[in-house]
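Student: The following block contains the structure, expressed as structure tokens.
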Amino acid sequence: MNSGFGFSWISSLVMGSSIMEETEARLGTQQISEASDFLFLPLDIFIVALIVGGISWYLLNKHKKTITVSSGRSYSIQPTSITLQSPSDNSFIKKLQTSGRSLVVFYGSQTGTGEEFAGRLAKEGARYRLKGMVADPEECDMEELVNLKNIPNSLAVFCLATYGEGDPTDNAMEFYEWLQNGDADLNGLTYAVFGLGNKTYEHYNEVAIYVDKRLEELGATRVYDLGLGDDDANIEDDFITWKDKFWPAVCEHFGIEATGEDINMHQYRLEEFEEAPDRVFVGEMARLHSLKNQRPPYDAKNPFLAKIKVNRELHQQGDRSCMHIEFDIEGSKMRYDSGDHLAVYPINDAELVEKIGKLCGKDLETIFTLINTDEESSKKHPFPCPCSYRTALTHYLDITQNPRTHVLKELAEYCTDEAHKEKLRLMSSTSPEGKALYQSWIIEDNRNIVHVIEDMPSCQPALDHLCELLPRLQPRYYSISSSSKLYPNTVHITAVVVEYDTPTGRHNKGVATTWLKEKVPDPEKEAPVVPVFIRKSQFRLPTKTQTPIIMIGPGTGLAPFRGFIQERNLSKTEGKPVGESVLYFGCRKRSEDFIYEEELLEYEKNGLLTLHLAFSRDQPQKVYVTHLLQQQADEVWRVIGDNNGHLYICGDAKTMAFDVRAILIKILQEKGQMTEQQALAYLKKMETQKRFSADVWS
């Protein structure tokens, strides 16, 4: 039976009940003499009863599945009672009250880390007699925060990531704007905030800093200091250090004590199927069969299967590889602008997936589902279920990330060797020795979950538990390197293939780029397809074509500027006035990795583009784009100072973007006759006016 039939049957029963109630009401207003007119004849009643009985028997047996849990025991699952809830029922206060909880942890997450941290805090609340719940602010009526004080010992915690240029994540945007524009009375609300950011970005943890400050301004009481996590260093260390002090502060504030008991970290209940059910996911992000029966709109939960039209090597020689890939999006109704990003859903390496199956002693073809034991949670499964273990490890779980400390703590319980157990427990602790060992053995040696289990052979975790613990595999974002005005039905990206050796002698590969490298179209075969969607960006060309621009993009930082240049060249051929276009590009060697060389030189020859090239290893003294920028101080000031031009940076945030910013401050001081404070204010104003933009990564 498909879900549509089930819904129709329920609707019919509800509708039938409603009709009978209306009929009874009408009968009550009629004369008693009319009551002798029967609503149903005996034969009608018998037939209806027979039909309802037959349907009920069919439904019960259709959904009755024999399953086996990890203990090896088999039992039958009967259909549960159906409760029809209103889709607008988004009251987190009501959920807290009905389930006897007082702790709610909200998350603003773009990659899943914020949600993961929120889940860990909500679980740990049980140790401190604070039963917790994780909540997505996008799915909640956040104005209800004013009523949280009515629940005894209530506490709201916010795990919020800063995204883009100091922006909240998509799911926290509405809540952020409500705080900015509203004036709610939050007296009596007790709260704490932990931020997730990256110090290489200028707007480090801006969202968490603002929310922490704004909640206090609105009258709320901070139970513990704002925590700031740095993803460029060790955000796991930052988080566990913060929460190690956060919980004692909570206990002191509410006058409670820790139970001293370890909590059961299992959040999901396992069901395994001996016979495959009717509905089995095979890699879809949300809707079953969405990768076969495609329909717009396409987004993160419903990616478009784009055919790869071109996949060619850009490097002329050398030991590295850089791909130029063109995706066919015709018929998708997806639109993009120069500066937007293409999100690609990759799949994990089949060899790593096989290794996990063998290490855990599990048949990867087994169909299973994980069901949230928290009935109040809006997240019923950690990923689309039911599916096979192979599908989960291939499409849904990140098996290449360095495992976090809470994962190591759970793994320790599966070790039969005491030395292995103690080592994992030490690394999951907050002691200085434990943190140092985690930093060296996990982070610096770059071990993933497979490496950890391989190097500790006495550790044989249950695969279903591992599936619960591992984070979700996230899409990879690439700056689009084409203009939709020139290529409306194709999207181009430029990507370096990631491969490197670790200190343990292993060869690690980038999840997405090594997968994409194999997807080369063959005229004799069906074109390879990749699940993609478009993410909009604020990285935009000036609205007026005559506005001068400076673009700074070494390496693959050139990608969005290729689209910018294509668009400006098209405007020029159409006879429109086009302002000065200056590009600073750098790579290691001109003969090896000067990507799109012919295109750029042709634009320069035609007078569209001014090129400043830095080949760092073509001479004894290394030369980078930052050196050229310093040499061209007059040109920079002429464009951004005298002519109100726009300046763009794309590429590495950690060194290049940081150095460029420092050079710009100096140029503004020297050429613009400004103090350092005035130069900083000028650059800030440029940002506000969208005249200074950065698309950077660390």
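Keep in mind that glycine also has a Cβ here, set from the backbone N, Cα and C atoms.
Pulled from TrEMBL, these are the listed features:
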- 40-60: transmembrane segment (TRANSMEM)
- 103-247: domain 'Flavodoxin-like' (DOMAIN)
- 109-114, 161-164, 196-205, D231: FMN binding site (BINDING)
- 301-542: domain 'FAD-binding FR-type' (DOMAIN)
- R320, T556, S616, R617, K622, V623, Y624, V625, T626, D659: NADP(+) binding site (BINDING)
- R476, Y477, Y478, S479, T494, A495, V496, Y500, G510, V511, A512, T513, W697: FAD binding site (BINDING)
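Structural setting of the listed features?
Tutor: Note on the domain 'Flavodoxin-like' (103-247): mean pLDDT across this stretch is 94.
Taking a C-beta cut-off of under 8 Å and a sequence gap of six or more, Y201 (FMN binding site) has these contacts in its own chain: T162, A653, V696, S698.
Counting only same-chain residues at least 6 apart in sequence, those with a Cβ under 8 Å from the Cβ of R320 (NADP(+) binding site) are V496, V497, E592, D593.
Using a 10 Å Cβ-Cβ cutoff, Y478 (FAD binding site) registers 24 neighbours.
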Student: What is the nearest of the binding-site residues S109, G164, T494, A512, W697 to T626 (NADP(+) binding site), using the Cα of each?
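Tutor: Considering only the listed binding-site residues, the nearest one is W697.
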Student: From the Cα of K622 (NADP(+) binding site) across to the Cα of G510 (FAD binding site), what is the distance in angstrom?
Tutor: 28
Student: Go through A161, A512, the listed binding-site residues, and name the one with the sparsest Cβ surroundings, counting other Cβ atoms within 10 Å.
Tutor: A512
Student: By CA-CA distance, flag whichever of S109, G112, Y204, K622, Y624 among the binding-site residues is nearest to W697 (FAD binding site).
Tutor: Y204
Student: For the domain 'Flavodoxin-like' (103-247), jot down how many residues DSSP puts in helix, in strand and in coil.
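Tutor: Output for the domain 'Flavodoxin-like' (103-247) reads 65 helix, 35 strand, 45 coil.
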Student: About how far apart, in whole Å, are the alpha carbons (Cα) of A161 (FMN binding site) and Y624 (NADP(+) binding site)?
Tutor: 32
Student: When the Cα-Cα distance from Y624 (NADP(+) binding site) is computed for each of the binding-site residues G112, G164, N198, T494, which gives the smallest value?
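Tutor: Going through G112, G164, N198, T494 one by one, the Cα closest to that of Y624 (NADP(+) binding site) is T494.
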